[in-house]
Amino acid sequence: MSIFDFKRKKYRTFLQDSETGEEIAEEYEKGRGVWKKHDVQDGKGSEMRENLIRKHYWFSGRVQGVGFRYRACYIASSLGVTGWVRNNWDDRVEMEAQGSRELLAQMVEMLGRQRFIEIEGIEERVIPVEVESGFYSR
């Protein structure tokens, strides 16, 4: 048996959302250490799709070299927000995030409260909603 024959085991946990009481399924893949949260946009009905917006953000200040992208991915995954984040050449961080207006506001607020991150300016604009799952660092 070689190391390539190793099968990854997946574990599934079910949590209950404290606000809505709905079950949230999370899957943990042993071997990779990756949590995959089932997309908030899947199966929540037309109500969630109607409230979906997508925003493009540019953050300036002390946002590079302080774990901004890592924390953005963690916060977005915990809130069920989808999109991506990346560093720009001009010392800003660019991010696209998709979710409800309240979740996006909560995400930006949580990013601003993180240790070492000093957001001095935020530019944002609303853009068309895309079909996607997950939040990634580019």
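Cβ from N, Cα, C; glycine included.
Positions annotated as domain 'Acylphosphatase-like' by TrEMBL: 54-138.
Within the same chain, residues at least six positions away from Arg69 (active site) with a Cβ under 8 Å of its Cβ are Val85, Arg86, Asn87, Val93, Ser137. When secondary structure is read from DSSP and collapsed to three states, Arg69 (active site) falls in the helix class. The active site annotation in TrEMBL covers Arg69 (among others).
The Cβ neighbour count for Asn87 (active site), using a 10 Å radius over every protein chain in view, is 16. The active site annotation in TrEMBL covers Asn87 (among others).
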- Provide the three-state secondary structure of Asn87 (active site) computed with DSSP. strand
